[in-house]
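Have a look at the structure below before the remarks.
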């Protein structure tokens, strides 16, 4: 039962026996009629129906009516790929032209017959008029149609010369095959339970056999083979008499299409009408009787006898939730064609820009704004953060800006067409805004709003001069369109079922169409016509834009129709104030109505300076918060709350704690899945990991902007640590009696740090910032104390507890405790700025604000934010205070840390301070070195915290044995994955390989520090060897009677 292709060719040469290839819904199989051989070709299919093959190219093609795709694979079952994946509804028949290498198929859902190259390119609708439910197809084109007027038809392979060859006594004409040898056509009719035959022109029609429910049929030499749905079998009979009926295979899953796989069915001798150079055609060359026709892909204009236009000039674009289609106006066919785009879930709004031939669309399921070239190439996401329901979209084609409405956030926003420099234009008094259109010539934008008080509004494209222009007789104002030539605004109302127009100021209102409009949605104008989509009639229609008469239907039977636009190259181009030097603006130049004509704007969260042209460098006061997979900021400089993502080019897995350095404006964060602490600038640049070893779950993090240090808690290692802002000179400060330390807050001026511990006995503690003077401030009535903040101005501590559901305050010693807010659902992060406190809440998925002294005036800052973690407020303008360690690092060689009223010098973990109280060595005096395969660590015996510290050795794969040469202070180690012996300084520098050959499994290593040699055991080679420390003069010492030598030690003074 080999699946080898070569098996076919031998089979053909020995015997004329054919192989039957058939589709079985869930798989494609082959069977030999006169033997029991039965092999699987392709399985795990959804719903394979139609089938054909290309013998010389060794390809099989099939259609899947569940996936609505046409697929192909090699005849040995490998290289499965999609050929046609868009715009199919029920592709029930397919046929291969093996001479001209074309694929023809029928679709009873779209009522079309199409043709394309074998890879699906240059697809063309060939026949679509007077077509109902085409099914079986055979070349040169014959097809069955089981619509209301069942028939069998014929046409040339370029679609010309169409004829009906049978239209009587047919009901469900299913299968069809051509007997090329005897110039006959055979077909089956499942309702009449019969196989019939006729001459190729339909004459001499005759019934051959009557059967239960035949579906597909094929012929080979003197036999007919067919599949039957009723008996679930493949049968055969004599093609002349209908006698000698046999069951070839029964008990099948669901036999569908069937073909005889044999070179005789695709004789190689046929003449290629297109010759070697594609007939001189630029696109498709289709055979037609004895000659050929040059044809163009659907919608493309034919320039001359041989050539098609390279692109479309004018086409109607429309969205349909799960796809975006176009109807070309370059030729007469007016056929809709799917633009090949990926992952469209719920496309609603549309617009286009002819200068770069981009189309733009919004998707309200993925909450994104996207764009691609007109042909589907270069698809990309433009905006995909902080969108909730972007239902309207408009392009300012003069300054290349994107305007959109969001019915979820109730905002109108603008950005550059690539999504950069996004800002909020209108955030007040919007209630379900929908469509938006812009008039860059006049400088106005217009939008519909179908909230509680439906209205149509207009404002300058810079949000100035906002006015309501229509507010009566509106219920569901949907589509909007501007007629630039007559300076009118058109709109559709789906509830009143009208299309109306008025002047730009709302005056002169008229109903254009007031009948037979069940549910108009999208609207567009072009030249003298208006086009619209209708949800209920599932159609696209047009009418005269001035009279509403001469109505025509362009397309019907289209579900989920949304927005509609006419793409063309004749939008008015004029000079704008923004086209010279960006209007003098540092960031966004927005058009505006005369006399101003333009104004400058800044990206979300940043203010314009007094000159009205330049934006401030960055946000001054803002919130930064973590959301597991991203970090966002909310500016407090502006009159609305909008979050922007920290644009850092790294993927975050589980970002929890956040700290901000107010001096350099850097954000620091911990990721408990990646087990790292990282930092980046607020604009996303200069990203780096500062701590990437020895972390487990870093729940709390605080930046001392004054003292230039970072502090963090780790509930996995149960430690509180400090380091310089670049991660150097790391030191464990607190390691005893910690259960689950979480939030940490600093008070540099007082020299104190505070932290919460939500372990079994929840508590709030304080110590000096060097870890000394530790005291428990509060240890009763606490459950999950998550957030913690120090109010320096009010000399108080604030904390949020998710178990007691309270935000509480006390003085800096833990006394005078009082409740500020209760109940709160599940607070996590807590921070202070000015008179307010801000906190994140897991349950409400929101950021809230209240007065920090009374807990009153609670508001929700932003909602709909799952995964909220830590939050920090920053005010870069406020004075930071005096750095106690500012002069000469407090006289310290390493770390200078604040204590109450004084400072103290400290050394990195494991190193003792010298007797001068100021300086440190770079290494401990006495320490253990150990390896755990992927890292080498040290534990100092000089200090009593016994913390393991990573030795930063590069490229460790599987370190087994190690030793230390205290003379040159070098670490020697073996790596049994790389099969090397290496040495390195304890700071990770000067790593070198000393032995790189002839090692198998070096399990033991010992350094002779006197004679400067090293000894090692090799369990793989059962030897003990020696060499100089640099790897020279290597020699085998012992190589007999060793079984598995492992540990080795030397005693040089005894030899």
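Glycine too: its Cβ is placed from the backbone N, Cα and C atoms.
Pulled from TrEMBL:
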REPEAT    58-100  repeat 'LDL-receptor class B'
REPEAT    101-143  repeat 'LDL-receptor class B'
REPEAT    183-210  repeat 'LDL-receptor class B'
DOMAIN    273-309  domain 'EGF-like'
REPEAT    357-399  repeat 'LDL-receptor class B'
REPEAT    400-442  repeat 'LDL-receptor class B'
REPEAT    443-486  repeat 'LDL-receptor class B'
REPEAT    487-529  repeat 'LDL-receptor class B'
DOMAIN    577-616  domain 'EGF-like'
REPEAT    665-707  repeat 'LDL-receptor class B'
REPEAT    708-750  repeat 'LDL-receptor class B'
REPEAT    751-794  repeat 'LDL-receptor class B'
REPEAT    795-836  repeat 'LDL-receptor class B'
DOMAIN    884-921  domain 'EGF-like'
REPEAT    1012-1054  repeat 'LDL-receptor class B'
Same-chain residues near the domain 'EGF-like' (273-309), Cβ under 8 Å, at least 6 residues beyond its ends: 97, 99-100, 102, 114-115, 117, 122-125, 140, 156-161, 315, 326-328, 330-331, 333, 335, 337
Residue distribution over DSSP helix, strand and coil in the repeat 'LDL-receptor class B' (101-143): 0 helix, 23 strand, 20 coil
The domain 'EGF-like' (273-309) - residue tally per DSSP class, helix then strand then coil: 3 helix, 12 strand, 22 coil
Helix-strand-coil residue split for the repeat 'LDL-receptor class B' (795-836), DSSP-based: 0 helix, 24 strand, 18 coil
